[in-house]
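Quick notes on the structure that follows.
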Amino acid sequence: MGALNQLVIGASIGAVLLLAALGLTFTFGQMGVINMAHGEFIMAGAYTAYVLQPLAGGQAVLAALPVAFVVAGLLGLVLERVLIRRFYGRPLDTLLLTFGVSLILQQLARDIFGAPNVQVRAPGWLTGGVDLGGLRIPYNRIFILVLAVGCVVGISWYLARLKQGRRMRAVMQNRQLAAVSGVATERVDQLTFFVGSGLAGLAGVALTLIGPVGPTLGSAYIVDAFLVVVAGGLGQLRGAVIAAFTLGVLNSFVEFWTANGASFAKVVVFAVVIGFLQVRPQGMFVLRSRALS
Amino acid sequence: MLEVGGLHVSYGRAQVLFGVDLSAPSGSLVCLMGRNGVGKTTLLKAVTGVLAPRSGTVRFDGRDVTRMRTHERVRRGLGYVPQGHETFPQLTVAENLQVAREAAPGARRSATDDALDLFPALGALMKRRAGFLSGGQQQQLAIARALVTEPRMLLLDEPTEGIQPSIVQQIEEAIGRLHASGLTILLVEQYLDLALRLADRFVILDAGEVVRSGDAEQLRDESVRALLAV
Ligand SMILES: Nc1ncnc2c1ncn2[C@@H]1O[C@H](COP(=O)(O)OP(=O)(O)O)[C@@H](O)[C@H]1O
Ligand SMILES: [Mg+2]
């Protein structure tokens, strides 16, 4: 019973991790940009739901999903245009710069919304949960899981079937060849950043369902999100999915088995990822082809 | 169709091209030759805008394109097949062609059929990932990829280099057919025999400068051969 319970909790932690990391599979995985402000895009998504609350009332979470996607996406687009594009190929500079941006955005949130946490009310239909033979799964956790799965399906479809997705993959695989094939690569970079940042906004909305919203909401997830992308293999959606759920379940079990849970679980998860990367530095999945091998 | 004037190109401090002039009249096939490392690839990259020249001009189709961005030159009809049979390795053959065609606003759907007519072998490989093709198949795909944008001029950088002989022959035939159909072609080629069979005109580079140019007939000259010997 206990194990099953932890498995469910783990899956729900995994879904949150996955949502936080999905956007990074675009900006970090595909473009190689270490954007430390990604966490603040998550935070911006969460505050979007809070801002919409007076208008949309109990349905703020639903209404916020598309709005947060656009808000966070635009923030990402501005960041890419104004700063990041000047530092392509210089990961360390990008890391420091975007870290600075993340601090500025946190302070901005404090100035606008105040330092104390705020709360977004969940819609009525998300209170309660299902009982599975003594095991209770809250609806809001199921909603997050469904949202994460929906995002993964949507992204796969976008990358495989849409003109824009195909173009994005082409640019990431061979930028120069894409340019000489007539692709406007800068436009593709902008779109990639918009979509990746927009996904962070969705993650932020989801997070309002499981906790309060504060200026540092995103920074709590940023490291784990990067871990998921690195462990999964850069830019590999399938790898990110497996890594997120593995880390989620691992987290929940370690927390369950040890006395002072949370922080120890973090240490164990870190150790496991670092150990794993010693054995497989390229992550779970890699781009494989004759051209690269 | 293409006129290059006084082109100087460098990589950082290392200058590679020193005032290169070259012209390819409409419908001609010009063969650009010279030993390894003399700057042939660099010249093509400057023509397509992958590299920005330090000075000089590139005119394409009566228009100064020296400062125009690469993808815009391609959309105006400048097709380019880089050296080394490059593809998008994780995309299928069909997707490789699709990406290029979708990027060219005016290109007809039937352009893909025409390209596949030229390289029928690709037809059976449409669902395969390009990274898993042989070098020769990748080169055919690379040329087809440039053709689906319906270019008015094609730049080919050593399309037969390191390719199995059976496919070299197919590629040579394809280039001949494209030339016969009126396409202007600038071909970088190391094999003198192949150049003699295909070219109308030739240009020989040495150490970043044009040292000889003329009609294909003059390629038979001994002194010209000396410039190409390793
Ligand atoms: N990316 C680069 N950076 C610095 N030097 C380069 C680069 N690419 C080529 N070169 C140099 O420029 C010269 C011309 O190269 P290239 O145009 O490739 O010659 P070719 O195509 O005629 O063999 C060579 O000396 C080469 O070493
Ligand atoms: Mg070369």
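Quick reminder: no glycine exception, Cβ is built from N, Cα and C everywhere.
A TrEMBL annotation is a machine prediction, not a hand-curated record.
What TrEMBL records for this protein:
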type     : residues  : note
TRANSMEM : A:6-26    : transmembrane segment
TRANSMEM : A:58-79   : transmembrane segment
TRANSMEM : A:91-109  : transmembrane segment
TRANSMEM : A:142-160 : transmembrane segment
TRANSMEM : A:191-213 : transmembrane segment
TRANSMEM : A:225-250 : transmembrane segment
TRANSMEM : A:257-279 : transmembrane segment
* Structure fact -> Given the transmembrane segment (A:58-79), its same-chain partners at Cβ distance under 8 Å and 6+ residues beyond its ends are 27, 35, 37, 40-42, 44-46, 48-50, 52, 98, 101, 105, 120-124, 126, 147, 190, 193-202, 204-205, 208-209
* Among the ranges A:6-26, A:91-109, A:191-213, the one whose Cβ pairs under 8 Å to the transmembrane segment (A:225-250) are most numerous -> A:6-26
* **Remote residues contacting the transmembrane segment (A:91-109) - C-beta distance under 8 A, at least 6 residues beyond either end** => 32-37, 39-40, 43-44, 47, 75, 79, 83-84, 215-216, 218-219, 222
